[in-house]
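Chemist: As listed in Swiss-Prot for this protein:
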type: TOPO_DOM; residues: 1-403; note: topological domain 'Cytoplasmic'
type: DOMAIN; residues: 16-276; note: domain 'Protein kinase'
type: BINDING; residues: Leu22, Gly23, Arg24, Gly25, Gly26, Met27, Gly28, Glu29, Val30, Lys45; note: ATP binding site
type: ACT_SITE; residues: Asp139; note: active site, proton acceptor
type: REGION; residues: 292-396; note: region 'Disordered'
type: COMPBIAS; residues: 297-308; note: compositional bias 'Pro residues'
type: COMPBIAS; residues: 316-342; note: compositional bias 'Pro residues'
type: COMPBIAS; residues: 343-355; note: compositional bias 'Low complexity'
type: TOPO_DOM; residues: 425-626; note: topological domain 'Extracellular'
type: DISULFID; residues: Cys482-Cys545; note: disulfide bond
type: DISULFID; residues: Cys587-Cys604; note: disulfide bond
Amino acid sequence: MSDAQDSRVGSMFGPYHLKRLLGRGGMGEVYEAEHTVKEWTVAVKLMTAEFSKDPVFRERMKREARIAGRLQEPHVVPIHDYGEVDGQMFLEMRLVEGTDLDSVLKRFGPLTPPRAVAIITQIASALDAAHADGVMHRDVKPQNILITRDDFAYLVDFGIASATTDEKLTQLGTAVGTWKYMAPERFSNDEVTYRADIYALACVLHECLTGAPPYRADSAGTLVSSHLMGPIPQPSAIRPGIPKAFDAVVARGMAKKPEDRYASAGDLALAAHEALSDPDQDHAADILRRSQESTLPAPPKPVPPPTMPATAMAPRQPPAPPVTPPGVQPAPKPSYTPPAQPGPAGQRPGPTGQPSWAPNSGPMPASGPTPTPQYYQGGGWGAPPSGGPSPWAQTPRKTNPWPLVAGAAAVVLVLVLGAIGIWIAIRPKPVQPPQPVAEERLSALLLNSSEVNAVMGSSSMQPGKPITSMDSSPVTVSLPDCQGALYTSQDPVYAGTGYTAINGLISSEPGDNYEHWVNQAVVAFPTADKARAFVQTSADKWKNCAGKTVTVTNKAKTYRWTFADVKGSPPTITVIDTQEGAEGWECQRAMSVANNVVVDVNACGYQITNQAGQIAAKIVDKVNKE
């Protein structure tokens, strides 16, 4: 793409020398840039003044970019840094050589079914990794999918779309293209969960197979109506040669109700793979294998073993975690990673003599060796690459200091890739999920008084009467969406979710001067999917409450509570709430899910750490033994 008029090519933006304009959009401009301090080439996205001045967007972008920067998934373009320079927000990303999927489809037409499935499988892997960390993309579309010459696929713009409300996109007039892939719930007041990304991925699958999005219209109003009420199109009826089995895959992925869609993006990808004929399944596996082999660094040469006597030293680095095949949910990640120790007065240690732009920057957590920068022309920012090597494809001036580590990681990924190919070829039958926990078993899942006392460090806590209905006390919270992050089993929080039963107990020491107080509840849903969807929705709401103070009015009395940062991501989340003027009285909220049961716990006292989380974990263990 040529440098457009009024671009900032040739100028400095903080430490970045802006070398080439890659593209413009409603949210800002993207440049190829040289970081003059680190001496590497990156992609820098500069947000518009309207976005940069929006306090809600600023906070959400920082939070989402920080989370997205931790994603360790090869199909996610990593975010290196974020912050602002002279009041303008920016994101620094790896520069990737590739063409966006939208350009590929417009130039060459529909993909073959095996190639379409190979692309969708890679993007599904990126989405599942993000969803496991509690990150929604919110803008899955062909323009945000990069394809290399060897069909390695990347999903870009994590941390940007998630920070932008649908209302803001609409105001800027940039959502019309996005609306072609937006789930019905995003056009209503319904809660939006990670399954909106699955809907969008199904729309992209349809476009890969047929060459056109599911719904085409000249106006936004017609598009909205189609997503809300229009029949789901059948790819096999649009383009000859598409296996009819894809009709059911797209129909479930684009189901109007979120709970009727696939439980994960990987499940959609696996179903798409099953829709292929046997020869095409092998072809799709070959595409995946070739794309990985061509993109990952070559494995290092084997090093001969040392001749010195063996010692009892522990390995210097832990083994790399296994990559989960498409459609298989990964094991939950640890709910909390200890932060680096702060310096004096809570400040992070850093180099002296930092330039003026440094204090507002937000470096991402270390994630292993930084790969050699490649070229980034994503999200519709550049034309398809021309034949022959790019003029920018030169050896970087600074040598990667971690070649052995990167090579070792490449070996692991290549080996895992081979295992995935074998797994796809064998296609094991999915494990049948456990039967839902019966409502009459709920009370047996709660901790008894001795178990509660042991967790809380007390000896005299006693339970009250069993709770079998939601709390409908006339409580007013200044931020209604934060009520669930403050209290357990609230009727306004669970209303309309489809839950079927609740059982709970409140325990404390006798009298009004108790030092410990616990409210534990278990809530049954018709299916495990509905229970997980509720926890995901709750996690999104809780995270929006982090760092905020709410005023609570209860029986003519007013209280103020401040929320700490939310720890963990579904299936388990926790947050500590501190009551203002209560001499250190705090409560920890914990929510988890196992099978069709949501575990909802509130533990309060003067020395609260992770008691609610411990209680929730013990209840989850009981659910899993049912």
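Numbers run from 1 along the shown chain.
Yeah, the Cβs are placed from backbone N, Cα and C, and that goes for glycine too.
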Chemist: Let me know how many other Cβ atoms fall within 10 Å of the Cβ of Cys482 (disulfide bond).
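Modeler: Around the Cβ of Cys482 (disulfide bond), 23 other Cβ atoms lie within 10 Å.
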Chemist: Can you give me the Cα-Cα distance between Val30 (ATP binding site) and the residue listed as 'active site, proton acceptor' in Å, rounded to a whole number?
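Modeler: About 17 Å separates the two Cα atoms.
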Chemist: Averaged across the domain 'Protein kinase' (16-276), what pLDDT does the model get? Just tell me the whole number, please.
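Modeler: Its mean pLDDT is 86.
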Chemist: DSSP three-state call for Cys482 (disulfide bond): helix, strand or coil?
Modeler: helix
Chemist: For Cys604 (disulfide bond), just count the other CB atoms lying within 10 A of its CB, please.
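Modeler: Looking across every protein chain shown, the total is 23.
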Chemist: Return only the integer: C-alpha distance in Å from Arg24 (ATP binding site) to Asp139 (active site, proton acceptor).
Modeler: 16
